[in-house]
Amino acid sequence: MSAVSQLPFPESFNMVFFGGAGDLVTRKLLPAMYQCHKNGLLVEAGRILCVDRQDLSEEAFLELAHEKARQFIPAAEWDAAVWAGFRQRLAYLRIDATQPEQYTPLKERLKKAPAAVTVFYLSTAPSLFATICAHLTRQGLNGPNSRVVLEKPLGHDLASANAITADVDRYFHENQVYRIDHYLGKESVQNLMALRFGNALFEPLWRRMWIRDVQITIAEDVGIGSRAGFYDKTGALRDMVQNHLLQLLCFVAMEPPASLDSNAIRNEKLKVLESLVPFTEEDVHQKTVRGQYRAGVCGGKAVPGYLEEEGIAPGSHTETFVAIKAEIANWRWAGVPFYLFTGKRLPERLAEIVIHFHDVPHPIFPLPKSGACAPAKLVIRLQPDEFIRLYLYAKQPGDSMELQPVSLDLNFAEQFKVRRAEGGYERLLLDAIRGNQALFVRYDEQEQAWRWVEPILNTWANDPKGPLPYAAGTWGPAASRDLLKRDGICWHEGK
Ligand SMILES: NC(=O)C1=CN([C@@H]2O[C@H](COP(=O)(O)OP(=O)(O)OC[C@H]3O[C@@H](n4cnc5c(N)ncnc54)[C@H](OP(=O)(O)O)[C@@H]3O)[C@@H](O)[C@H]2O)C=CC1
Ligand SMILES: O=C1O[C@H](COP(=O)(O)O)[C@@H](O)[C@H](O)[C@H]1O
């Protein structure tokens, strides 16, 4: 079952990647388009034009794209003959996006190959969004069959996010604007919708009476890679919480939408964001923990601390780890803590949502000593593997009545023997071409998410103490576990 309605695929499309010779396009987006091509999901009349200011001939660009594709497409998925076919769709155009006259060749190129739909994917710094949209408009390229995809970061705070919205809105209608959050393209996120709204079983349990707490974790073992300049100005709260973690929270907490229509889904997510309890300065001190990694061992390798990474400002207070206790003030969720965790240089790459159910009101069986952690839980694993696992108690075989936790497993790779798209971009690129906005973020969701994180940003900015240190390869500062311990709760798996 698909989580969103399938709109028909247009008979032809042009996908124009601005920043087309950059890291994101060559490492993720072109490989994702290759997978769509390989799996027969693109119409024949579908062209991909990469636009960038880098001085590359078409041949040199195609060589770069090929080299990156070999590097980033898993070997089992690589097929030289398929690439040769895919290559026919690709073209390169050198444009400095700030120069209005340089859009004329773009217009001509698009005129030569008219398509039912043209998607302009802005994989550039957001400071270029308004300029690009303005120049596209001047060339008459913002018509009703054009769409614009905006890459993150969509702002640095509420004011800058609103400024981007207002700028883009001058040239493109909201129904042409696709704000990407690649987590929404991940199969497991859509499966969460299927689980909740395709089965009657969970709905009566999905509320404060039965759910004790929710823990949402996005852990990364990698550091900041080559993105020091970006990351040091951004930090984990802006990079991961304002978007990915809050979006996952919305999918867990939202009310059933009336249909799979884009706005029906986004209306419900917005209500969740609006119901998040705002943080006072005192709350920030009590309910958030920020950390920064120090040198340590990650994946068996000694790695430097954040402050030793190339390009990081001396003494930087940028956080690489965040833990937050959030609460939703509505009838379904009042009093249920939602713990959000994310960090870089943690022991493993892991993204999952864990729903803990309450203990039975009156235990009659001798339970194993599980401390404060109720083992009745539903685990929705997003990556690296994908599954939904329900942990319950069962009687241990033998002549006692001792109970042990057991699990009911839904392993998607085993259940569905078809290829599962990795990463999230494939689905979102196809949806942008189809015109399905359900898995893209609407301006008001984004605004509300910024409104909620802003007091945290401001309080941290004014706090001279800075983030707590944690050794790379560990699960972040111990204080993050104390956030839960105070509520008599353990982090899932006792990490
Ligand atoms: N890389 C990633 O994993 C992710 C990136 N993003 C976001 O996506 C966007 C792109 O990121 P990324 O690909 O890493 O960045 P890159 O710097 O690798 O790519 C951007 C490309 O745009 C080009 N460019 C810059 N200015 C202009 C201009 N005026 N006209 C035409 N081309 C221009 C750059 O050229 P030059 O090199 O000459 O500057 C570069 O080739 C950023 O906003 C980033 O935050 C979001 C999620 C993940
Ligand atoms: O948006 C971002 O996401 C990645 C993590 O994405 P994943 O799909 O690999 O889990 C993160 O590394 C990056 O810092 C952030 O900008």
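Placed from the backbone N, Cα and C atoms, the Cβ positions cover glycine too.
The candidate list E203, E220, E319 contains one residue that TrEMBL assigns to the substrate site with H182, K186, D239, K344, namely E220. Regional average pLDDT for the domain 'Glucose-6-phosphate dehydrogenase NAD-binding' (16-191) in the model is 96. Taking every pair among H182, K186, E220, D239, K344, the residues recorded as binding substrate, the greatest CA to CA distance is 20 Å. Put simply, H244 is the one of the recorded positions R53, K152, H244 whose Cα lies nearest to the Cα of K186 (substrate binding site). In this structure, the binding-site residues that sit close to ligand 2, with a C-beta under 6 angstroms from any of its atoms, are D239, chosen from R53, K186, D239.
In this structure, R53 (NADP(+) binding site) belongs to neither helix nor strand by DSSP; it is coil. The Cβ of R53 has fewer other Cβ atoms within 10 Å than any other of the recorded positions R53, H244, K344. Of the candidate recorded positions, R53, K152, H244, the one lying closest to K344 (substrate binding site) when CA atoms are compared is H244.
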